[in-house]
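Trainee: The feature domain 'Peptidase S8/S53' is assigned by TrEMBL to 122-585. Annotated active site, charge relay system per TrEMBL: Asp131, His357, Ser543, in sequence order. The domain 'Tripeptidyl-peptidase II first Ig-like' feature in TrEMBL is assigned to 629-738. Taken from TrEMBL, the feature domain 'Tripeptidyl-peptidase II galactose-binding' covers 759-841. Summarising the annotation, TrEMBL assigns region 'Disordered' to 1105-1124, 1218-1244. Sequence annotations record features per position, and here TrEMBL assigns compositional bias 'Basic and acidic residues' to 1228-1244.
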Amino acid sequence: MDLHLQIHGALFGGPSCSSSYWASSSTSLSLPFIFHRRLNSRSRSRSRGTRLRRSGFSAMPCSSSETSRVGCGGGGGGGAGQTDNACVADFKLNESTFLASLMPKKEIGADRFIEAHPEYDGRGVVIAIFDSGFDPSAAGLHVTSDGKPKVLDVIDCTGSGDIDTSTVVKANEDGLIRGASGVLFAVNSSWKNPTGEWRVGCKLVYELFTDTLTSRVKKERRKTWDEKNQEEIAKAVKNLYDFDQKHSKVDDAKLKKTREDLQSRVDYLKKQADSYEDKGPVIDAVVWHDGEVWRVALDTQSFEEDPDCGKLADFSPLTNYRQRKYGVFSRLDACSFVANVYDEGNVLSIVTDSSPHGTHVAGIASAHHPEEHLLNGVAPGAQIISCKIGDSRLGSMETGTGLTRALIAALEHNCDLVNMSYGEAALLPDYGRFVDLVTEAVNKRRLIFVSSAGNNGPALTTLGAPGGTTSSIIGIGAYVSPEMAAGAHSVLEPPCEGLEYTWSSRGPTSDGDLGVCISAAGGAVAPVPTWTLQRRMLMNGTSMSSPSACGAIALLLSAMKAEGIPVSPYSVRRALENTSTPVGDLPEDKLSTGQGLMQVDKAYEYLKQFKDYPCVFYQIKVNLSGKTNPTSRGIYLREPTASRQSTEWTVQVEPKFHEGASNLKELVPFEECLELHSTNEGIVRVPDYLLLTHNGRSFNVVVDPTNLEDGVHYFEVYGIDCKAPQRGPLFRIPVTIIIPKTVASRPPVISFQQMSFISGHIERRFIEVPLGATWAEATIRTSGFDTTRRFYIDTLQICPLRRPIKWENAATFASPSAKSFAFPVVSGQTMELALAQFWSSGLGSREPTIVDFEIAFHGISVNKEELILDGSEAPIKVEAEALLASEKLIPTAVLNKIRVPYQPVDAQLKTLSTGRDRLLSGKQILALTLTYKFKLEDAAEVKPYIPLLNNRIYDTKFESQFYMISDANKRVYAMGDVYPESSKLPKGEYKLQLYLRHENVQLLEKLKQLIVFIERNMGEVRLSLHSEPDGPVTGNGAFKSSVLMPGVKEAFYLGPPTKDKIPKNTPQGSVLVGEISYGKLSFDDKEGMNPKDNPVSYPISYVVPPNKPEEDKKADSASSSCKSVSERLEEEVRDIKIKFLGNLKQETEEDRSEWRKLCACLKSEYPNSTPLLVKILESLLSRPESGDKISHHEEIIDAANEVILSVDVDELARFLLQKSEPEDEEAEGKKEDEGEEESSQKDKFEENYKELTKWVDVKSSKFCTLTVLREKRLSRPGTALKVLDEMIQNENETASKKLYEMKLGLLEEIGWSHLVTYEKQWMQVRFPTSLPLF
């Protein structure tokens, strides 16, 4: 079945996700393309099953795509320089314009520039692509326009493809080596290996594949497996049928067992078909040094049906990709990979892409198609390196390790440009370790860093980090032209003007910076990996606009290098901003598009004209006069009080030169006479002039918003060089003022009537949330349209040191109707309501959509938002108040998770040895590995929780974190980083290893005792509510509900959980967590028994107190209470003596002699003491064998017989309720057949087995292996397999390797080769030789 899918405006990341990049995808071709988690995301770009959501994913028909009209309050979009497209009612595409629209270049002037300067097409420029990886076999990414290799290097910076190859083996006399998987391989005799040392490792190949590719390969492999399994089922059924035909009556016990064996075979095969789970083939890797370079070969036979394919000896060895060779795993997957060797051969990195995103991005920036130049990327002459930052283990979510290593690689390769189409929301703008490293690289090495602004619009202040929040990074918004809409998106009727996509993130940042620098084309049909089974794919997002801009900058750098013009990120950024074409007619449109749509040709002329001016970055620091903190990069008045009064601000302008600038030649002579301007002197007043020197200057700005109307208003303060005003603004200080509308009515209701929408139109309304409001209930009513309409509905509030509080909804209206929804609000803060009609929604219709929107505010305020029960019996008093209107108080409190704290049992700090972990400063990165151990009494879903580190990638000063959870067999059950996800674990003991990196050893030393919580779900514990302080103890005064009158406080008590509700064996210091809610929706009739079902809920927690000491004492004394004191004393003394005996060493003959004397003494003192005799037997068994082994074994047998004789058989039989097995009939029959020969040839195994059945349940896990061996001896492997499989399934702890090896042997004995292969692959999963590398 062909699947047609278009995913628009996906923001991979955000507080609720887990993979992080700004991307979306759209394809009308036959291959399904679905991002994985952390594209699942993280954004969270990340990923962390793909969840389709608007700021994550939106599923759309292939014929539509996502854009939005730029503008605040519904402002229209200007032509963005497309004068020939002012009206496109009769707009038609021909073949050439259609092809050109698939890879848009006209919009940014790149086509005009290359036509005028064909040799400035990116030649001489190297771009680092920080993304999800790259397919070196992809179309258009092989050579540059001037014939040079397109790709200089392909690197996995995440470590997700790393294989431990530290194990060294040598060939045996037959020339074979044993691989890490345990298989023997022949090596190619022509391979040069002077040392004869082969380094081996292995990996499950699915760990290198994307989820999409894995699903496709699994489907094909399942089809083949099913065919073989059905063939074996047919054989087994035939054998059973033939048996039944031959034996019409089965009375004989032996025949019954034979038939049961045949039936067991049929049942087992059927069961395998139901439980089949393909964990994928194992690839063995071999690394060796040929005297010059490291070489790599893979064995992929487990992937091939033909046993002669995929052999190690037939593999064409690879070297590090700088030699530009790559491989393909198999014809089935068609997945290309690259090999890199690190750490003197100890680490092999197999590089694959974690999604098609990275190849697509690389194609937009630089693809070269000699056969069709219209499909070229923006800079076909540029070269690239691929730095994979999307971790395959996390569904393509970026990690701190990946980001840092990528930056190191970009600098090592002397890259000119970086494109990064990843990001997520951040707590603080322009903050964090990665931001610091980027800023250092920009300043020291003149690296130009370009990144996507994010896909979380249309609300304001939705920019993602790092692209939209970092001063040293050029953040790019996403623009769509009429040609792109008509061609790439294939819409029926394109818009008349170019505009910003609806989902493109908007500024300003929370500290007032504009955020979006410029805009570029935000969609393209570009190359994708070969494993997708297609050459190109349509994707749109700021992920696409960023490489479009990056490619355009590569054109500029190509020209500058050719003409000898100094290259600086500072001058390039200024040229882009001062030559961009505005999109939209209103000043507020800059919040969406930045300074406008970039124009390469104009930026080139600007750089040429002003090449002799200093390369300076003007750092802006803004403070409210009289305050030193906080410091911002612009003026952002949003909250009610600040936006309704005049304020004075101090602006500090500090010129920043690149590191290494000459003091005498550059810094001292620097002096600029600047004319200061405001775009509206009536609102923003500034001095006329400023003399700026190297040490910086400050000036004051007065902002008077008192005469502004409700809504958003944008102004700029900028400085012009008096001597060269044609340079345009040297710096800009954004001033954003939001005047919210006050809700005066009581009850507080506000309506917006008769708003008219066409495709892409946005309406913004800003509301001062009434004091006391905690949630809002909204209703949208649509009318006046014919075809289906789709709307984005966003609300957003900003609070200090929090990510923007955003609620969003995508509503589709097939006909005029109304929809209601509710969302939480923060009292007293300004809330933006952004309504946008999806850009392609209604394009074929002339009818506008009429929208009425009503919001009713509700609120129950409490004195404590977060409640913590301290473990005592005392309740917590909660005071509630309704300030706005009468509200029904219906508190509901539930605890549903438990967090158990753990301290590390081991901490290992080491210096990382490879060059990929050495910073620009020369410092080597250190790694701290913390080990934690925990045990689960029952199967559970668990999630690590690290309060210090979780939920921050960019806005943190720590470099990175990564964890693995494994069992005693080294099987890994879970991996994760800053966004942990729940993983289902069976009962057993586990080890969690947490891996932290930083170059600061003091910082890592402080984390050696880092607390980690293991969180798991538990049954809901509903907390009691009381009107009396003693209610939790007396049980009186239950509180259920009340009606709160405006301004009148009421109180109730929240009681702790009863002790019987606390999970058993919960350690002291554990925390039970849950939520409490106080009100319910007015339009919802449900009871709202779960706080999450109600409009607003707040966290509650209960700290588990210490256990009572008396309980332990009672438990110890319970068993001995029936014995006298003298009897208990005698037993204690005996046990101590026996323990002492067991601790004696028996290493020398003298030791053994002393031990025998003590044994004889204790035997005489405690005759027939079974515990003593057992201890003697255990000591003999543990004694190292030396000397006369026969005598030692005879001594063990004698000791065992003494243990048996010490047991009172009659008492034991009564205790075990002696039983007889039906198996006896078969055994008796066998005896009769044997006749008199039995006395001389007695089957000792059967005799002992029969005796054992009298005492124990031979089908129990303890004796089950014996039953399996018996069935095997009786030539009933089917029954043996059934018994063994049941035993494995019923194992309380992790099943041992021995059981699975027995299972494998039985399958081989029966001859089910497809199941043998299947189980061997699973053995690599269950019992890996070592833990994977971090």
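Any Cβ shown, glycine's included, is placed from N, Cα and C.
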Trainee: Determine the most Cβ-crowded residue among the active-site residues Asp131, His357, Ser543, using a 10 Å radius around each Cβ and all protein chains in the structure.
Mentor: Ser543
Trainee: Over the domain 'Tripeptidyl-peptidase II galactose-binding' (759-841), what is the model's mean pLDDT?
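Mentor: Residues in the domain 'Tripeptidyl-peptidase II galactose-binding' (759-841) carry a mean pLDDT of 94 in this prediction.
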Trainee: Can you tell me how far the Cα of Ser543 (active site, charge relay system) sits from the Cα of Asp131 (active site, charge relay system), in Å?
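Mentor: Here the two Cα atoms are 10 Å apart.
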Trainee: Whole-number Å distance between the CA of His357 (active site, charge relay system) and the CA of Asp131 (active site, charge relay system)?
Mentor: 7
Trainee: Residue counts in helix (H, G, I), strand (E, B) and coil for the domain 'Tripeptidyl-peptidase II galactose-binding' (759-841), per DSSP?
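Mentor: The breakdown for the domain 'Tripeptidyl-peptidase II galactose-binding' (759-841) reads 0 helix, 49 strand, 34 coil.
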